[in-house]
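Participant: One structure follows; several queries about it will come next.
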């Protein structure tokens, strides 16, 4: 029946870790995805597969690794190595991004630190943070959907700063100048609502 009828989706709040690789979910580094074939909640890494599902008019849908192998009928030896969400090279996403530049970053009471920040076109609702523009692994990712944006710096903040807050999660950023800050805010204000910019090329920051 796999792929022939819609599965029962496991609710996000019913699991604390990926149902395939058992990696724990948390707000910063793991996003929850549903396999469209079995309905399990999986991490980005384990949902990085696509298969045609009969119940959805044979459209291409995101599925987990296990379902992919069953539906496609291939073995592990035939599978190409898949990259985890943090293992995507900075140059790979920076070259095809909605916006990318250095920003100062602060989490909780830790000191400000410089980070190369990228919002790729393929995942325009996720902010990737790298230590440097050529790093082969991201330090962290922030799924922007649902965050609240506070663009009014307090006296203790850097002048061109803004905050992203969601529940107890607070991320502070600061740009080198007001123009760069506004370019980032233009993209982020859309992303937190689940929207993407129409004129992406105009927002590229070199």
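In case you wondered, yes, glycine gets a Cβ from its N, Cα and C as well.
Whatever TrEMBL says is automated annotation, not expert-curated.
Computed from a predicted structure; not experimentally measured.
Pulled from TrEMBL, these are the listed features:
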type: DOMAIN; residues: 12-68; note: domain 'FYVE-type'
type: DOMAIN; residues: 13-63; note: domain 'B box-type'
type: DOMAIN; residues: 96-193; note: domain 'PH'
Participant: For the domain 'FYVE-type' (12-68), what's the mean pLDDT in this predicted model?
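Facilitator: Averaged over the domain 'FYVE-type' (12-68), the predicted model reaches a pLDDT of 84.
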Participant: DSSP says what for the domain 'FYVE-type' (12-68): how many helix, strand, coil residues?
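Facilitator: In the domain 'FYVE-type' (12-68), the DSSP-based counts are 13 helix, 16 strand, 28 coil.
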